[in-house]
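Chemist: What TrEMBL records for CYS63 is active site, nucleophile. TrEMBL lists TYR203 with the feature active site, proton donor/acceptor. The glutathione binding site feature in TrEMBL is assigned to TRP105, ARG138, VAL139, THR140, VAL141, GLU156, SER157. The annotation domain 'GST C-terminal' is assigned in TrEMBL to 180-304. Residues or ranges marked as site 'Lowers pKa of active site Cys' in TrEMBL: TYR261, TYR304.
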Amino acid sequence: MGLLIDGIWHDQWYDTDKHGGEFVRESAKLRDWITPNGHPGPDGQPGLPAEENRYHLYVSLACPWAHRILIMRRLKGLKGLKGLKGLESVIGVSHVSPLMLDKGWTYRQDEGSSGDPINGVDFHHQLYTLTDPHYTGRVTVPALWDKRSARIVNNESADQLRMLNDAFDDLTGNRLDFYPADLREIIDTVNADVYDHINNGVYKAGFATEQSVYEKHVVALFEALDRMEARLAENRYLAGEWFTEADIRLFTTLIRFDAVYHGHFKCNLRRIEDYPNLANYVRELYQWPGIAETVDFNHIKRHYYASHDTINPTGIVPYGPLLELDRPHDRERLPGKGIREKG
Ligand SMILES: N[C@@H](CCC(=O)N[C@@H](CS)C(=O)NCC(=O)O)C(=O)O
């Protein structure tokens, strides 16, 4: 695990001492935006046009941020279906090995990576120095690569979710809308709570190096899970009757929770299984057509337990838990309309 400083790889973990024992996540730096016609993004970001087979995603199957994009890619038909305009895939994918050790993420096929057929690199950080030979910052997945300009155009999953929701519709004919205009306010409000206290909350608890810091974040995490449990008692999905990006963003943390965060990150006040609504909700989403195939517990468990040697020095990966995510769920008791179509 490490970072690039002026294009040179340094094997060094986040400096929690500098922040009183807190894990402080760095903001993503590569923020260009893909739009249908190459116009700028919603906040004036430099735009690139959506084109078939021009962009490539570099992901980790273990990473909850990358997992969001794999789900969106699948549900938006960007993974491609044989016969769909003859496309294999509108956006291709390569995944790293589950182990993130002294060289960071790697494309070692003997350790479970798909390899990198596009650039043939061994290490994920090389994609960052191909993008900018003087790159300084953390080297993260998911990274969205443009084969035309030969660089990473975006390394922020929240941005990528929005681009995939909109930019490629004319190419795929897929009009599903995970961020409908009339639900944006509620989606943004839920996302902010989920991001700070749950998605990033598990990391803030798990990577804390001071007891009091850990306790503060673990309490805030479970208060937020309690809020989501209450919301899902009344609502089929987080924004009400429609399945939106807010659900994808919560799902990727929930699906890892009992297998990893509960033990490895010491987030153990309760399991998701102990929350009736969250447990049924996570099963409904897991069973949604196309989602289970994006979930890889082998990568998930091996990554966390075998990569963070400060937390789990032996690297032993727990055998359980038994999750039985295919069990029936009870969410039909609440009104739901599925995924909105754009008008
Ligand atoms: N804000 C980024 C965060 C991505 C991220 O932190 N990914 C992790 C994997 S789960 C990573 O690559 N970490 C490497 C590091 O921080 O050095 C996003 O959502 O895309």
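Glycine is no exception: its Cβ is also placed from the backbone N, Cα and C atoms.
Any TrEMBL annotation is an automated prediction that lacks curation.
Could you tell me the structural context for the features on the list?
Modeler: Cβ neighbours of CYS63 (active site, nucleophile) (same chain, under 8 Å, six or more residues apart in sequence): VAL141, PRO142, HIS303.
The Cβ of TYR203 (active site, proton donor/acceptor) has 17 neighbouring Cβ atoms from other residues within 10 Å, across all protein chains displayed. In the three-state DSSP assignment, the secondary structure recorded for TYR203 (active site, proton donor/acceptor) is helix.
Cβ neighbour count for VAL141 (glutathione binding site) (all protein chains, 10 Å cutoff from its Cβ): 24.
Mean predicted confidence for the domain 'GST C-terminal' (180-304): the pLDDT average there is 98.
All protein chains considered, the CB of TYR261 (site 'Lowers pKa of active site Cys') has 25 other CB atoms within 10 Å.
The C-beta environment of TYR304 (site 'Lowers pKa of active site Cys'), restricted to residues of the same chain at least 6 apart in sequence and closer than 8 Å, consists of ALA62, ARG256, VAL260, HIS264, PHE265, ASN312.
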Chemist: Filtering TYR203, TYR261, TYR304 (recorded positions) by proximity to ligand 1: which pass a Cβ cutoff of under 6 Å to any of its atoms?
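Modeler: By the Cβ criterion, which requires under 6 Å to ligand 1, there are no hits.
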Chemist: At the Cα level, what's the spacing in Å between TRP105 (glutathione binding site) and TYR203 (active site, proton donor/acceptor), rounded?
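Modeler: So the alpha carbons of TRP105 (glutathione binding site) and TYR203 (active site, proton donor/acceptor) sit roughly 18 Å from each other.
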Chemist: Of ARG138, THR140, SER157, TYR261, which recorded positions come within 10 Å of TYR203 (active site, proton donor/acceptor), going by C-alpha to C-alpha distance?
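Modeler: Those close enough are TYR261.
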Chemist: Counting by DSSP, what is the helix, strand and coil composition of the domain 'GST C-terminal' (180-304)?
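Modeler: Going by DSSP assignments, the domain 'GST C-terminal' (180-304) contains 91 helix, 3 strand, 31 coil.
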Chemist: Among TRP105, ARG138, VAL139, THR140, VAL141, GLU156, SER157, recorded glutathione binders, what is the largest CA to CA distance in Å?
Modeler: 17
